[in-house]
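Just below is one structure, and these are the notes that go with it.
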Amino acid sequence: MLNVPSQSFPGPSSQQRVASGGRSKVPLKQGRSLMDWIRLTKSGKDLTGLKGRLIEVTEEELKKHNKKDDCWICIRGFVYNVSPYMEYHPGGEDELMRAAGSDGTDLFDQVHRWVNYESMLKECLVGRMAMKPALPKDYHEEKKVLNGMLPQSQVTDTLAKEGPSSPSYDWFQTDSLVTIVIYTKQKDINLDSVIVDHRDDSFRAETVIKDYSYLVHVALSHEIQEDFSVLVVENVGKIEIVLKKKENTSWKCLGHPQENHNSFIPKKDTGLFYRKCQLVSKEDVTHDTKLFCLMLPPSTHLEVPVGQHVYLRLPITGTEIVKPYTPVCDSLFSEFKEPVLPNNIYIYFLIKIYPAGFFTPELDQLQIGDYVSVSNPEGNFIISQLQELEDLFLLAAGTGFTPMVKVLNYALTNIPSLRKVKLMFFNKTEDDIIWRSQLEKLAFKDKRFEVEFVLSAPTSEWSGKQGYISPALLSEFLKRRSDTSKVLICLCGPTPFTEQGMKMLHDLNFSKDEIHSFTA
């Protein structure tokens, strides 16, 4: 489906590419880069064929536009004429044609739902699909605001039969506080399960329950202070969000419903939500990799779960470009630092700067105090995989090390059964090794941790392992304590590294349940 053209970052073999999916790319003609596409969209040329009109499109009308020179695609209810984009799409024309004349939302989400198609294709917008309203007509009645019971029409048949129990919410107040209570009916809820944003009068609380998302989204009836608190009662799955009133007056209602309020739908069907975060520091880690520190707004509660990634969004030459990155800790020894503010308001990223890239040079040019939009977390790593684990093996190449940082820290800190954590870290040269001294210090401090560095282009002075990922290296590295010991192997790097590694691990008789590949 729709993809950012070939000059985009991460490149097809980059270890920072999160959602590669193994798709093949088609070489683009000269003059068909992302910059060329942006120039075309800014040229004033009519790319829709409708001379600036927006129309309502029926299913019958959409089906008629299914040819390469007349191709309309629907994404999340909006219809685009992608015919002009055909030659600019690195996945090739055939990939786009899979959704010609139809709703391409599912195909789009399977490959790269993170791409900001609204910005990329805004000059190709034909109009909206003609469809019935998603919410019942009486949805905006005040009783729906006061009582957080989920309307039956919001629960799909599939969800009712197979998904988790439907959550609900309620609220109560004192003279100075308003407390919103979300009843998840799940016991594995914690602080990173809920994301809260308050902007102007808009209040948004999204709770992730397995593969579903429950949303409380209202325009508050009165003003509140910027800061709030979030509490989770884990054994009953109750979330309490405590807001501070600006004035000690009684509220007659919580507020008025906003888009998708009180909905409980598969997470894959939700759009990405962003908030602006401030760049507070940027420091060199290697010759081409930097540690970026972003600060969340005080009106946001967001904790990125272990093994998950977020999307960074920047406006570049008038178009919003989005790229996925996995947050890390600020250090492998964070406990020795004295934070100025609570740790959970900062998000850290190890990012390799590509001088010829499209995104990272712009990111690198940001000044302290500038803003970057950060999305809600995504990812399919399940932290319960680490429970009762005896041996954890980490295979990382380059910046494929980033998802390993939090996994490593969490395992050493929280898994009592853990016997050994071993990291095999592949790089080109010694200068490319991220946090080498920290890794060596950690291995000295905690005897459960071992690290091996493997270089593909070492100097003559290098005495460590050399080469690329191979069956011989892996069979020597991956030693089980016993045939019955519980192990997990995590793998992340450029696409060829990951694909080869997966095949080698299967050939070494490790089961699918014992392997996690960070490719989203």
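Going from the start of the chain as shown, residues are counted 1 onward.
Placed from the backbone N, Cα and C atoms, the Cβ positions cover glycine too.
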For the annotation region 'Disordered' in Swiss-Prot, which listed range does it cover: 1-27, 244-270?
1-27
Quick check on the binding-site residues Asp364, Glu378: which one has the highest count of other Cβ atoms within 10 Å of its Cβ?
Glu378
Counting each residue once, how many in the domain 'Cytochrome b5 heme-binding' (54-130) are helix, strand and coil under DSSP?
32 helix, 22 strand, 23 coil
In terms of DSSP three-state secondary structure, what is the assignment for Tyr410 (FAD binding site)?
helix
In angstrom units, rounded to an integer, how far apart are the Cα atoms of Ala396 (FAD binding site) and His89 (heme binding site)?
30
To the nearest Å, how far is the Cα of Tyr371 (FAD binding site) from the Cα of His89 (heme binding site)?
29
